[in-house]
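Enquirer: When I checked TrEMBL for this same protein, it listed these features:
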- 35-53: transmembrane segment (TRANSMEM)
- 65-85: transmembrane segment (TRANSMEM)
- 91-110: transmembrane segment (TRANSMEM)
- 122-150: transmembrane segment (TRANSMEM)
- 162-188: transmembrane segment (TRANSMEM)
- 200-219: transmembrane segment (TRANSMEM)
Amino acid sequence: MKEKTRGCSGFALKMTAVVTMTVDHVGKVFFPDCMWMIMIGRLAFPLFCFLLTEGFVHTANIRKYLGRLFIFALISEVPFDWALHGKAFDWDAQNVFFTLFLGLFMLYLMQLCRTRQALQAVIFLVAVALAVLLRTDYSGLGICFIFIFYQFYYRKWLKFGLFAAVSLIAYLQAPQDYTSILAVLPMIFYNGKRGISCKYFFYIFYPAHLTVLALLRIFF
C-alpha cells in the first residue's frame, strides 16, 4: 500500500495564497473598512515569496521562469490599477508580479556570484532600491522576504524566525498586518512535494480575477 504523504504540498500552499489574496482584493475593492478581510489577505504574499524560492531552487529553466513573470506582470498591470486604484495607469503602484520578478532576478544574479558575498549584498540592495523606486507591491519588504527564504533555505527555524522579526519591525505602524506572520504555519508543514500540477493557474488567475474586480468596480 502506498504511504500517504503528510504535510502541505506546494499546491496546498499555492491555493491558500490564492484564496487569501482574493479575500484581500475583494475587501479592498468593495469593503475597504472590513479589517478582517485585510488581515486574512496578509497571509498571501509571504506564501508566494516562499513558493518563488522553491521554484527557483527546482526550476529547470530560470530564464523561462523570469520571462513568464515579466510577461504576466505586463499583462496584469492595467487590471491591477483599475481594480485596486480606480484608473487604467497608476505609476505609484505596480502589481506583485513585478516584485516577484525582481526577487527572482536577484536570486539568479546572486547564484551567478555565489562565492562573492560583497557582490551578493550589492545585488540585494539594488533589488530593494528598484522595488522601492518602481513602487512595486510590497516594495522593498517583498525583496527582503524573498532574500530571507533563499539565503537561509536550509536553516528552517532561522529562516522563519527572521521572517517573523522583519514582519514585526516592518508593520509597527500597521499592526493589523501582523497576521502575515501566520503564513509561517503552512510553511512549517510544507512537505517538499509539488502536489497537483497547476503550473499556469496563478499566472492566469491573477490578471483574470483583477479584470473581473475592475469590471465590477466600473459598472457597479
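Even glycines carry a Cβ here, placed using N, Cα and C.
What TrEMBL says about a protein is an automatic prediction, not a curated fact.
How about a rundown of where these features are and what they're close to?
Expert: Counting residues 6+ beyond its ends, the transmembrane segment (91-110) has Cβ neighbours under 8 Å at 45, 48-49, 52-53, 55-56, 62, 65-66, 69-70, 72-73, 76-77, 80-81, 84-85, 120, 123-124, 127, 130-131, 134-139, 142-143, 146-147, 150, 206, 210 in the same chain.
Packing against the transmembrane segment (122-150) from elsewhere in the chain are residues 45-46, 49-50, 52-53, 56-57, 91-96, 98-100, 102-107, 109-110, 113, 159, 162-163, 166, 170: each is 6 or more residues past its ends and has a CB under 8 Å from a CB in it.
Sequence-distant contacts of the transmembrane segment (162-188), counting only residues of its own chain at least 6 positions beyond either end whose CB sits under 8 Å from a CB of the stretch, comprise 8, 12-13, 16, 35, 38-40, 42-47, 50, 141, 144-145, 148-149, 152, 156.
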Enquirer: Same-chain Cβ contacts of the transmembrane segment (65-85) under 8 Å, 6 or more residues past its ends?
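Expert: Residues 25, 28-29, 55-56, 59, 93-95, 97-98, 100-101, 104-105, 108, 203, 206-207, 210-211, 213-214, 217-218.
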Enquirer: Counting only residues 6 or more past its boundaries, what in the same chain has a CB within less than 8 Å of a CB in the transmembrane segment (35-53)?
Expert: 10, 13-14, 16-18, 20-21, 23-28, 96, 100, 103-104, 107, 137-138, 142, 145-146, 149-150, 153, 163, 167, 176-180, 182-184, 186-187, 190
